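Comments concern the structure below.
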Amino acid sequence: MSDNLASFLKDVNAHPDQLAPMTRAPESGATPAGPLPVSVSANPAAAPGAAPSPAVAPNQQQGGLYNDASPTNVEDAYNALKTYLMLSDKRHVEQAHLTDQVARFWRGWLETNRGNMPRDEMIKSAERMITFYLSRVSDNDWPMIEANLALVDQTRENLRRVVRGMPARQRVYEEIKARASTRFAPMTIARIVGEGNTGLVAGSYAIPGTFTREAWFQYVQPAIRDAATKELQAKDWVLNTASADDLTLEGSPEQIQKTLVAMYKTEYAQHWQKFMQGIAVQGFGNFTQAVDAMNKLGDPQDSPIRKVLETAYDQTSWDNPSLANATIRKAQTGVVNWVKQWFTRQPGGQIAANVDINGNPADVPMGPIGQEFVGLGRIVATHDGTSMLKGYMDTLSKVRTRFNVIKNQGDPGPGARQLMQQTLDGNGSELADSLKFVDEQMLTGLTDSQRKSLRPLLVRPLMQAFAVVIQPASVEVNKVWNAQVYQPFQNSLANKYPFAAGAKVEAGAGEIAQVFGPDGSIAKFVGATLGPLAVRRGDTLSARTWGDMGLALTPDFTSGFARWVAPLAGGAATSAAGSSEPQTVFQVLPQPSSGTTEYTIAIDGQQLRYRNTPPQWTNFVWPNPQGSPGATLSATTFDGRTVQLVNEPGRYGLEKLINSAQRKRRADGTFDLTWTQGSVSVSVTMRIISTSQPTGGGGDQPQQQSLRGLRLPSSVADASAGGAANATAQPGSGGTAAAPQAAVATASASNAQGAQ
């Protein structure tokens, strides 16, 4: 990194004429905005919108990427030189400045050399190294670089030329800031919540110590007062320059003081706004870790979120007149009451005292800090013994209690599924109630910028809590599917025809109807178990979401669902359907067969006998309730032998007959089917006349629409998907979930799997 800094400074010196003169001081300690801010969350933080949905943008990096430093930008050059000098002399170290600059000049090398390391892991490792490095700055053996003095002198000379034109007022202001930064510690999220809670709440920005309440009252305010009334000696150690500025020559002390205070307060508000927007609640991991996290976050007295909000309130409320005056009135009223009581107890005559019994202090005008954080004041300030922050902590405490109840049940699955369902319904869920409280009470009336600062911090714990509920809920849904659908299918149907293509035992229509069709166990599972967690539109299933999170339904389940719950027909339909059962009318055109005198095709009691005469189309109906189910094909040779080519009894006889043939589709939509046994070969042409079943698309053979070879998935929800909502499921491309389509149209090339 030191080489990168030196190379950058050399680039600055190579084109000094391109450095534009400055009219304000370089702004050091720039806002961390990307890959390597200290304590930044490895998980992307989300800033939910103002809509009722609690959505949190899943991949929004806090602050974006660092801007590359430009050697022609005076501010970048000044900050690079300042960093170079700090790394060579730790007496000048400012942690907020180095946090930004080390990350900025180290980033390129890290990106180039990270190899196969995931970027998130690289960021985490770099954060830890930077944090550790800066935390040891007081050690005697803290590593420092050896500065190139010639490079430093040349850079200083080039920068002095463009910085010299800065107004005296700006120089004085920058000097006050620089002196304050060495006296007061930066404000970090770790300082607020404690090192033990940085795994729960992280921040991507450290506020320079200059912009804290302590700095304002203990140093900045008196320093501004002095600067407005007397000459100030200033020294810029970065450029090694000294100056004496007398602001009394530029106007009245009151006007100068007002200007400097306005500059300070404006920048103060900006720093705290960036700080609040950079705070993120970390991911909870698994459910057990989520319980531990909620026990801390939901603690009404010691919650890290409460600490952050109260600290921000304490650091910004001094510029809000209503809050400041309320504090003054409260203190003054207490003193007045004490004085009145003391005099009441005194014996003797009247004693005159110049005490303002009404306790009315002069109003303080609203400042930039107060304007920016008036919403935070509304949330934290106490009115009649309560506050909206207390109400919010009460809702988080209820979430904590609910999580502990689920944990104590042993198996978190049932409780997690119930909580997920209630949250999606918006009724009976502590998560939904808490979100409603945030949006409808806490954030009402706030500006967009105030909502942007506060809502992510308030909503993120709810999002993380819901995210970890999805995994055990998914496991529970899969358990119910396994018990109600998958295991019964495996035990009773999976080894029978048509589900096992080579099986000799056929599945009964009643057995199939118990699992498939509109009244089967699959349809009942979707209606009772999955229904509250998913949206069904016709034959399309998609997960219901809360904050863009929901079950991740597996593709095998969503693509096959339409076919599995459609009305059963053909061989899978029950005989009780009678003549109203969906049927297919098709025709068979026999072809002359060499080596045979005749052949006979019988389908469900309907027979075609062909003796090598001019062929004619013969009508068939399938299924045929008046005949015995089954299909046979036999031929008689010239020597009088009878050859049985196909003999498939049962309701799936026609389907097996077609699947045993060699098939070829003609351009006119008819199909050539050929059966061969030894030297005997029989060929026919088939065409569909009418069908109440959906037909497949084009191809070299009839589209398979049956349940032949069908397999059910062992799970319906991806428990490892991390809460991402599944894509909308489209109806299966293989047609409806109906049982076998008319057997002519159900034939499939190369014995294709029916469910695939």
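A Cβ is built for glycine as well, from the same backbone N, Cα and C atoms used for every other residue.
Looking at the stretches 16-71, 296-351, 632-687, the one that TrEMBL records under the feature region 'Disordered' is 16-71. Within the model, the domain 'Type VI secretion system component TssM1 helical' (472-560) carries an average pLDDT of 91. Here the domain 'Type VI secretion system component TssM1 helical' (472-560) has, by DSSP, the following mix of helix, strand and coil residues: 47 helix, 12 strand, 30 coil. Note: the domain 'Type VI secretion system IcmF C-terminal' (586-688) comprises 7 helix, 59 strand, 37 coil (DSSP; helix = H, G, I, strand = E, B).
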